[in-house]
């Protein structure tokens, strides 16, 4: 049973160090990012006189840009060198970077913080391909779905904890000092947790690294599109990122304009999404058998069609109050229980949908090019998340209702339903 496999993995150096290091990295990334954004939005931290609504996207871009720039090089490095050693070095680099970030928070130096954020994005760009390439090297095929489920579940919780911590601490009197110390302590803990990891030998030590990021990226993407068995699940992962970015962006506007609720309800919905996605991921990992988990892809895709559509139908005639309601008042109103259920179950479905996709790509990738093929996922994810923002822009340009974003999620997920059903009917769940 996968539940037994999952519990066994948590006690083994083939997996536990990777899980712990990734979880702590996600916490630190989000503690850093949300603290910086909160200081800019509420505490007057500025750079070159820029307004918060300009500084905030600059900070977001500083973290994501390295993924586009360096994924191709990082994939080559993951194919050429021991993946565990790469992750250990990346975690040590995090200690240095978090020490610099701590100085930035204590000295209130926004430029130093943004530069460090860019370097943290670079560190993540090298850590994640090494992690993805290491998992199928260290684990059996039957262990990949439970392993990815455990990573995904913890990742969601760590992201939420970091976001809440950064947001709440930034405005406190001694908040920046607490943030500074926490960043360094967590970075050290992540490095120590990764050091006992089992060696993950490279599959292509003869790889000659192309340091030209333009040609290397083109070659990497060309190789991915020539490997359709890997491309298909990575497109599924990219779709998950697109729907996540779309929903997270539209949620505050939908909550205020359609539901007539305040920021506390937005925070409540974000909690539901995080916990729901984590539960969906863990359920997939614990209940799947020795298969690629296509049944869970199908169930997740169905959920991503049914629940968003139900949300749109139910809220079409929603009678909002004149004053914005708080989270407590929103929860107490029985009219809103169905909305809460739809959003929670959508998140659970998303968690179930994405975990088998990760495992499929890791299992199917040619070992000789595994690092490069899986590194391309970062570019696809970033591009799809950006596409989601264009969808929202289109809704605004054509003056369409905000609920249209949820219909886009449902319509796109129909493709996942069709593909998973076709694969199961043709080859069975173990294909």
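Each residue, glycine too, has its Cβ placed from N, Cα and C.
According to TrEMBL, the transmembrane segment annotation covers 21-42 (among others).
According to TrEMBL, the feature transmembrane segment maps to 54-74 (among others).
Non-local neighbours of the transmembrane segment (149-171) in the same chain are 6, 9-10, 15, 18-19, 22-24, 26-39, 42-43, 178-179, 182, 270-271, 274-275, 277-279, 281-282, 284-286, 288, 351, 354-355, 358; each lies 6+ residues outside the stretch with a CB under 8 Å from one of its CB atoms. What TrEMBL records for 149-171 (among others) is transmembrane segment.
Per TrEMBL, transmembrane segment is recorded for 177-194 (among others).
Residues or ranges marked as transmembrane segment by TrEMBL: 234-254 (among others).
Sequence annotations record features per position, and here TrEMBL assigns transmembrane segment to 266-287 (among others).
Residues or ranges marked as transmembrane segment in TrEMBL: 294-319 (among others). Counting residues 6+ beyond its ends, the transmembrane segment (294-319) has Cβ neighbours under 8 Å at 236, 243, 258-259, 280, 284, 287-288, 335, 338-339, 342-343, 345-346, 348-357, 403, 406-407, 409-410, 413-417, 420-421, 423-424, 429, 431 in the same chain.
Look at TrEMBL and you will find 339-361 (among others) tagged as transmembrane segment.
What TrEMBL lists as transmembrane segment is 373-396 (among others).
Marked as transmembrane segment by TrEMBL: 402-422 (among others).
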- the transmembrane segment (373-396) vs the transmembrane segment (177-194): 3 or more CB pairs under 8 Å: no
- Can you say which of 21-42, 54-74, 177-194, 234-254, 339-361 has the most Cβ pairs under 8 Å with the transmembrane segment (402-422)? 234-254
- Between the stretches 54-74, 177-194, 234-254, 339-361, which one has more Cβ pairs under 8 Å with the transmembrane segment (21-42) than any other? 177-194
- Message: Considering only Cβ pairs within less than 8 angstroms, which of the stretches 54-74, 177-194, 339-361 has the most against the transmembrane segment (234-254)?
- Response: 339-361
- Message: Using Cβ atoms and a strict cutoff of less than 8 Å, what residues sit near the transmembrane segment (54-74) while being 6 or more residues removed from its termini?
- Response: 29, 33, 36-37, 40-41, 45-47, 110, 113-115, 117-122, 124-126, 128-130, 209-211, 213, 216-217, 219-220, 371-372, 375-376, 378-379, 381-382
- Query: Which residues of the same chain, at least 6 past either end of the transmembrane segment (177-194), have a Cβ under 8 Å from a Cβ in it?
  - Reply: 16-18, 20-21, 24-25, 27-28, 31-32, 35, 84, 87-88, 91-92, 94-95, 97-99, 101-103, 105-106, 165-166, 169-170
